[in-house]
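Here is what TrEMBL says about this protein:
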type    : residues  : note
DOMAIN  : A:8-123   : domain 'Response regulatory'
MOD_RES : A:58      : 4-aspartylphosphate
DOMAIN  : A:150-215 : domain 'HTH luxR-type'
């Protein structure tokens, strides 16, 4: 049987030792590291030619920052996946990156196995959530709901999605959640993905609305 | 945090004070024109009172000319030298003192009238209340000395000037000090923001290294694994500290404190190393409620450490539902056997029941326990 082509990955990190370590780990695990970049502008310059399937992205990089790189990458190639690898933990910018289109998030203290597993899953189109990110996403939906004038398009979580997100935030694995709710692993995965997709869609709509209001679309 | 007194370096205390002084002198320029117009109008109205009309006209023209010169001269801080202020006051006093000469010894209204307050306020603005007092004294003394007799109206004017000069001077001083303090506060805020930005960059670098040591250490094993574990501890501590610092910057009102950062501190400081998830924004609650909830979470985590193990994983989830907050603490231990909590109570040990259920009941909330072979979960709901 023919071996499937290895997943093409790009690593963006301004710390050389981290970049090298991640690159080495990925290469050793059979991934094809097609490009590395030390800052946002390098990343965006190399992305079109390298065409990676997965971008492993540090959020705190010299401008343009991780959030901007995420939007640009996803806009150029909607099939590309962005996995955020952040040192500073679950902060507002992680949420911004997820809203901009990242589908995975990992803290840098995660083990090598966790990183490789995350890249594999993100490449397959899965979402990789930490409990911290699930808590942030829950909080974001509630903030949208509490906004002074929620518009018709404001995304809301279904009861099931809220339940699943809460379980992720409490540290349960997808497998444990599937067992507890008596559904398939795939169903859990879909629920989690939906919560992200709705936020990302809303984010795009908001950006477009903002652009129209500011008259940027006429340029 | 150390509190430093508002002692601005001299250079920018003067910058702030100078901006205020510029504004005050611009206002004084308007006042000078108004009092000049008033003096001209009054002198025209009472032109029959002059013994020497030509001299009177010259004095009024001189006042008008000096008003123009003074407005120009005082508009720049570089020109506001003592000589100018002295000259201003001397000319005002001279105009005042000319009254008996041009109007006759028995005059009632002076030629200069209220025009002299231009010089008086210039002193008050520049030399604060002392300047105001000195100028007011000189103007009053001159006014009294040139008169044959002092009427009730003369006394009232002198009294007003003696009061007004120092008061205006005092207010100007206060304004200048406030401007300097505001400058200092703005600068302190800017410095703090810049320090926070730098700290973030430094912390990020340190976190990167600690994460790497932790990760590589675990892979190499042996002594390196121990180093890695220590690095991991430091990394969690530092990250938690940064989160707390972020929420410190958020505004807080009514002595409300941030439950999110308080729980973060509790969750990451002691074994077991719990992972903390929150809404990513401060959750403000009365300090007393925050204290109780922190104590509850601590009791839950202590239980995990005692019954599951000091290195057992645990998770803390904080949700802000608007009307209430929900705090969940979960572990994956063997669970609490049926009846053990009740047994503890009957044995007279209050333990979990009192420290968790009692505290939550006091806050008007409810606590629910889900326990089984796959783990234990405390869910605590407290109204805002």
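From the backbone N, Cα and C atoms, a Cβ is placed for every residue, glycine too.
A TrEMBL annotation is a machine prediction, not a hand-curated record.
What you are looking at is a predicted structure, and each value in this text was computed from that prediction instead of being measured.
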Can you give me the average pLDDT across the domain 'Response regulatory' (A:8-123), rounded to a whole number?
89
Does residue A:58 (4-aspartylphosphate) have same-chain partners at least 6 apart in sequence with Cβ under 8 Å from its own Cβ, and which are they?
A:12, A:13, A:14, A:15, A:18, A:66, A:84, A:85, A:86, A:87
Looking only at the domain 'Response regulatory' (A:8-123), what are its DSSP counts of helix, strand and coil residues?
56 helix, 25 strand, 35 coil
Using DSSP, what's the helix, strand and coil tally for the domain 'HTH luxR-type' (A:150-215)?
48 helix, 0 strand, 18 coil
